[in-house]
Amino acid sequence: MDRSQSIVSDIPPKNAEENIFRNKFRFFILILGCFCLTSVFSNMITLNFTIICMDPAKAENLKNNSQPPNYPTYHYSQYDKTILQWAVSISSMIATFPFSWLCSQYGARYVFLVSGVLSAISTGAIPLAASMGFGWFVFVRVFQGIAYACDFAVIGVLCTRWASLRENAKFLGVLTCFSPLSSFLTNSFSGIICESLGWTWAHYLHAIISLALFLAWYIFYTDDPATNRFVTTEELAIIHHNKSEAHKKHERFVPYLEIAKDKVVWAVWLNAFADLFSGFFLFIYAPTYIRKVLKYSTTETGLLGAVVAIIHIPVKMACGFVSDSYNCLPERKKMWIFNSVAVLTPAAIYIYLCYAPSSMPLITVLLFGGVHAALGFNCGGFYKCGALVSRQYAEFVIAFTQFIKCGVFFIAPALVAIFVDDDSNAGQWHIIFFIIAGTLIFANTVFCVYATDKPCEFTNITASNYKRKSSSRA
């Protein structure tokens with residue numbers, strides 16, 4: 001009897017429907033989850049494009065001026081636009097912990113379903129809210145932010161419950177691609193929709209697609225693979241291999257305090273902050289730098305910005321596969337390598353950019369693409385470390401990344417406001433480049449000291465032994 005057969009024999013027989021997925025149903029759930037995550041984020045960022053079409057002055061400058069004539073137009077000041085963005089960031093930050101708790105208590109099937117429907121409804125309601133007044137517009141954006149807060153909690157659930165211990169990097173690589181993927185898809189199709197149907201339909205169609213995706217989520221997804229009619233006994237054995245009983249049972253108990261005191265977890269969170277800080281800054285401000293400092297045209301800026309950002313997706317997916325599939329090195333050393341590429345390479349690039357010759361702007365643009373590509377290695381670094389060390393509690397550890405991401409939404413603009421008062425002054429931008437590089441170097445140093453692939457002590461804590469320990473102290 002080979003190893004796979006011995007594993008299967010330890011699991012009770014399970015009657016599955018005709019196996020059309022050939023023991024690969026978990027990857028269908030992975031792709032479906034990625035599309036649903038992408039949809040929620042796309043709903044939130046659609047406004048970044050459609051707000052241009054809302055402004056009557058800017059709308060006239062759109063390509064061919066082909067937007068239908070009978071569409072509503074509104075003018076919003078820069079302050080108004082900032083409020084609309086902060087409404088999403090603040091509400092998402094506040095809702096992160098409630099969604100993390102809900103997912104740990106009730107799973108992701110219904111919690112993410114409610115989040116997705118809320119995202120779809122609030123997205124479809126934006127044209128109506130805009131017509132009713134700015135206050136209503138902000139109100140709807142708050143609900144978009146609340147819906148988005150569920151995303152990283154869901155990533156944690158999917159990795160904990162549907163990925164085998166040998167597939168964490170693959171799952172993380174695919175699931176964390178939702179930000180650049182949604183940006184690429186939304187920016188590409190929103191322009192076409194605005195020109196053909198008007199900006200309101202960009203929101204309506206996003207809402208319709210969301211509802212369709214989350215209907216599929218409700219039909220196919222279950223929080224426990226063992227109860228899913230499409231999962232065979234053989235596939236369940238693969239998913240559960242080497243997992244503890246507490247990991248398999250998905251207990252609702254989470255030792256938040258013990259997790260928050262763990263040095264390895266803080267090393268993971270520190271690297272998540274550095275990574276997101278670096279990537280988000282480039283994602284938001286690279287177009288401004290390309291346009292104002294490097295002096296590319298508006299059309300060239302849009303094209304170059306999209307191309308350098310999309311590089312992240314194939315690199316991340318490839319890294320997830322390589323990290324899980326090749327075992328020529330111990331897991332800890334692999335995580336060191338992947339994390340160092342993901343974090344130190346952008347640091348080196350940011351430092352070089354401060355001295356790059358202004359006569360070669362294309363080199364700078366290519367290096368921006370290098371930052372996005374290097375960040376794709378993070379799925380085999382701190383993300384994988386977080387999943388491996390926290391095991392059944394990875395849902396909370398990964399969900400906290402959402403809170404960190406929301407914090408970055410405030411920190412990056414604050415640094416720009418402090419150091420950059422002239423968008424065309426390269427020296428002012430370079431101050432921030434040095435700050436980012438220093439943060440990245442420090443984060444990777446901490447990671448290399450504390451990173452491990454072994455489960456942390458808090459993974460041994462269960463609801464029953466925690467209660468016994470508490471009662472004995474009393």
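For all residues, glycine too, the Cβ spot is worked out from N, Cα and C.
TrEMBL annotations: computationally assigned, not manually curated.
Summarising the annotation, TrEMBL assigns transmembrane segment to 27-52, 83-103, 110-130, 136-159, 171-189, 201-220, 264-290, 302-323, 335-353, 359-383, 395-419, 431-451.
Of the ranges 110-130, 171-189, 264-290, 302-323, 395-419, the one with the most Cβ pairs under 8 Å to the transmembrane segment (359-383) is 302-323.
Remark: the transmembrane segment (110-130) contacts the transmembrane segment (201-220), by the rule of 3 or more CB pairs under 8 A.
Here the transmembrane segment (27-52) sits against the transmembrane segment (201-220); at least 3 CB pairs are under 8 Å, leaving out pairs fewer than 6 apart in sequence. Tertiary proximity for the transmembrane segment (136-159) is limited to same-chain residues at least six positions away from its ends with a CB under 8 Å from its CB atoms, namely 29-30, 33, 36-37, 40-41, 43-44, 47, 83-84, 87-96, 98-100, 102-103, 107-108, 111-112, 115-116, 118-119, 121-123, 125-126, 128-130, 168, 171-172, 175-176, 178, 223, 387, 394-402, 405-406. At the 8 Å Cβ cutoff, the transmembrane segment (302-323) and the transmembrane segment (171-189) share at least 3 close pairs (sequence separation 6 or more) and count as touching. Of the candidate ranges 171-189, 264-290, 395-419, 264-290 has the most C-beta pairs within less than 8 angstroms of the transmembrane segment (431-451). For the transmembrane segment (171-189), the residues of the chain that approach it from at least six positions outside its boundaries are 30-31, 33-34, 37-39, 41-42, 45-46, 48-49, 151, 155, 158-159, 162-163, 202, 206, 283, 306, 309-310, 312-313, 316-317, 319-321, 323, 372, 376, 378-380, 383-384, 387, judged by C-beta separation under 8 angstroms. Residues 179-180, 183, 296, 300-302, 304-305, 308-309, 312, 339, 342-343, 346, 350, 361, 364-365, 368, 371-372, 375, 378, 381-383, 385-386, 389-390, 397, 400-401, 404-405, 407-409, 411-413, 415-416, 423, 429, 432, 436, 439-440, 442-444, 446-447, 449-452, 456 of the same chain, all 6+ positions outside the transmembrane segment (264-290), place their C-beta atoms under 8 angstroms from a C-beta of that stretch.
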